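TrEMBL annotations:
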type: TRANSMEM; residues: 13-34; note: transmembrane segment
type: TRANSMEM; residues: 423-444; note: transmembrane segment
type: DOMAIN; residues: 450-503; note: domain 'HAMP'
type: DOMAIN; residues: 504-550; note: domain 'PAS'
type: DOMAIN; residues: 577-629; note: domain 'PAC'
type: DOMAIN; residues: 661-794; note: domain 'GGDEF'
type: DOMAIN; residues: 803-1058; note: domain 'EAL'
Amino acid sequence: MVSLHDYSLRQKLILFAVLPIVMLAVFGIVRAWGLHQEFLTAHRNAMAIQVSNQVSDLIYELQKERGLSLNWLSDHPSTTAKDLNAQQSITDLHYRQLIQSDPLAKLLSGLEEIDRQLFDECLANIKKSANRLTLIRQKLLQERRMDERAFFNAFNDELLLLVNQLQHQTNDAVQSRAYSDLLLAQRIQELAARERGLLNNLLSSDSLELAAMQPLQALILEQAHAMGLAQDTFENEHRLLFLRLQSTLQNQQVKEIRLLLDQQRQISQLAWELSAGLGYGGLIHHFKNYLLRGDEAYADAFNADWQRINQLLAQLESNKHLSHIQRKALQDIRATTLSYHTYLQRVRELNLQGLNVRAVDALVQVDDGPMMRALEQLKYPAPPVAASLWWDLASERIGMLHDLGHQISGNIEELSRHQMRMALLFISIYSLAAALTLLISLLLGRKIIASFMGKIESIATDMQKMADDPRLELTIKTKGSDEIARMAEAMNKMLKERKKYRQELGRAAAVFEYSAEGIMVTDADNHIELVNPAFSQITGYSLEEVKGRNPSILSSHRNPAHLYDAMWESLRTTGKWEGEIWNRRKDGQVYPEYLAITLVRDDEGRIVQHIGLFMDISRRKQYEQDIWYKANFDTLTDLPNRKLLSERLGHEIKMARHDSRKLAVMVLDLDRFKFVNDTQGHDSGDLLLKAVAERLQQILGSTDFLARIGGDEFVIVLPRLAQESSVEQQAKRILAGLSEPFVLHGASVDVSASLGVGIYPQDGLDVETLLRNAETALYGAKDDGRGHFKYFTPEMNQAMVERLAMEQALRRAVSRDEFLLHYQPVMDIKTGDITAIEALIRWQDPDKGLISPARFIPVAEDMGLMHAIGNWVIDKALCDLSRLHAMGHGLSVAINVSACQCESKGLSLEEQLRGALSRHGVAPRHLHVEITESMLMDDSNHCLEVLGRIRDLGCAIYLDDFGTGYSSLSYLKKFPISVIKIDKSFVEQLPGCDSDANLIRAIVHMGKSLGMKLVAEGIETEQQQAFLQMLGSDYGQGFYISKPLAFDELTLWLNERLDQRRGHFDSMNI
């Protein structure tokens, strides 16, 4: 078998040059064939448009014949049999020209099978219709009838379908759009021709019938739709021609005739309505019934018909297109109906005189004859224009549409001929270019090969000389600046630079000697051949100690076996490997190094040497370890952080799933950490967190995992659960351990914690779900109070969703001012006077309506919104109180204050109260500040200081809900409390509950002994009020006195009560 190696370079170049020329010739033939096909397509399109013109002419002649045929059948035909025969001959001539058309025959012969079948089917239908046309003509002329009046419509539709098939033969988008314009123009022409025939029959009749006008209206609407479509879709040139046609006088006159016909249709339609209103069941019928029976219901019906008929007559008389005869007919109808209307009153008068029906009828006779004849004239109006005038105008318009179609066809034909000319031009140009390209390629190829071979042979000769004598130094001589010349210059440079190789080898040896990286060279069997000084410095071994030995003497035995497998696999497949390994120095110290190994192969691919470069990365490893520690541990407590927690918990979950066991996750949060942090400083807060971490580590077992995930929040993982009861025991130990005091800066600090517990797998199958559910349980424990723990339940998720929704709504409420105040009056039980009001905040949510403060105040406190809400309450309450004072009500107002407001870092509570009192001009004695027992417990010293300043301001301090918390006499003595409010839970069972009565009696005595006033909350009945008065309570409030009221309701209530009491006093004075 002949190989390319058997050919000379010259022969290869010739072969290389011939192949592109052959391929160029093949591509040229393909392109020429494509241009030839384009020419044939353009020629086929030209023949198609010739056939389209013949079809258009046949449609036009059929339209003429249809119009003449319909006129021939009308009542007063203007068409003669001679005219009809002449038109039929013209139609037959155009039909034969189409069927025997040479372009049609050529077009059919060049079609594909499927297209040929469609055309044959279409032509067969046309021929069948032509045969039926002969029979229809015979009946038309001999019997003067035409059974198939829609025949011409169907025949023209088949011809239009043939044009549509011709459109599908073009692949050119421009021609296709032009064909669409042509089809639409021919469709408009066909609709106009149908309108001409139908309206000609109407105008040829003695009168216009309403029913006969309905098809005409449908035809006009369809024509208008087609013309609108033409304006929207025609090409610009065709649209201009179409618009010019629409602006012609003939087209405007056609529209005027349509308008006249429509006016006559409206007149006829109203005349029929008028006839119905006059006839049976109408005005005359009701007149007769009234005459015979005397029932006033018939008179009422007559009057209703009279009104309706007058409206119809007025509507008809307002028509501007009424003829003289029609106006006279309307006058007759109005005169007759007026007579009936006049005689109706006459009938009523005669009936009162006692005349019988016969006598009354004789006196009120009305002649209906003129009215009936007038109605006939209106219902069947005469044609408004002559049929001949319409025929001429419509024919001229149809002729214009036909000319428009011919203009569009001419554009399509010109486009096809242009495509033919362009295809021939491109064929000529392409053939000439191909011939010139082939000739130039042959001449240039021969010259290039001769030049190329001369230079190559010169270089080959010089190279052979240097191969025979390696010490020989030559300069290869060549001319030109092509690639071969550049190759010769490059070889000259190579020869000049060969002397420099030894110098470069020397420099490479210096690099090997003084490199900071260790270098080790082994042979094919992996025995050490050479090492550099850096190798000895890093490992401690000299060349003499390791030469001929395997590099395994450096092994630390800490690298996994798969690392070596991957190393040798990479060397085998890629010839190199790099990575981190652990090696051992001569003194036994293990160290990490980054090693890169490269294989050296000979020309036949056999391994000759291994070269290894490595560096000691101990310092970098230590740095990475430090980075890892900072990324996974909390710097303050040295506990794992959230990232390491997620990894460890994920691992424990996998182990628990594998062993089919449970584990527990506890989320812990310190209850009073924020208070310690705010009052004692961040340093104390950090010391407290460290102390908590140490105490938790002492409590937890060796297998338990503890992490700090932020702020004062810790997570405890109990991975080895023998039974779930151990979780509760551990939780109690943790809470008990944290409840013991912590010593910070020599001072004792008391804190407590809340715990949320989640159990795997019932409370979550993954880290995120388990932590989220345990945190949800934590919120539930916090809602129960401090120092509690709680297990997660599915209901908590819903509670958490509701809480989050409330938090979002609360933030919106603060920004949108959705809060309002209701006021509950406080009454002096002894005198019955209203002395004060308590301000109670309400939240008017736009979606949920009024929301109780018991639901949103705890959430607002957790969110830190109580400062803003509290300030708003103070300002709003004092503003309303100022208004009440201006109205003459000398009341005081009590506002509730939360612990958050006492701990404000901005303006103190005393400063806020002072500013609000000053702004609204209210004396401090009219402001009562209500606090709870829990406030006194949180930070008694701080609270005492705040309350002292408020008392010094002149405000009274009330202790709210007394008896429900940690009640202590020490608090009552220590704090500046003026009034005790007895909680409503002790009042609601009175007077029937002895224990509550005794408790209230004790509270009253205690308060009296301390010089304090007492307010009883929750009074619901008169008996409760009387009983509390008997026990010694000073004031009372509750729904029996009044429910909480909005400000406007409060002012109304106060005024009414004041009026009642004045009336009562006045009666007593009397």
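Residue numbering: from 1, along the chain as shown.
Backbone N, Cα and C define each Cβ position, glycine as well.
Any TrEMBL annotation is an automated prediction that lacks curation.
Residue counts for the domain 'PAS' (504-550) by DSSP state, with H, G and I taken as helix and E and B as strand, are 22 helix, 10 strand, 15 coil. Sorting the domain 'GGDEF' (661-794) by DSSP state (H, G, I as helix; E, B as strand; all else coil) yields 60 helix, 37 strand, 37 coil. Mean pLDDT of the predicted structure over the domain 'PAS' (504-550): 85. The domain 'PAC' (577-629): residue composition by secondary structure is 12 helix, 30 strand, 11 coil, according to DSSP.
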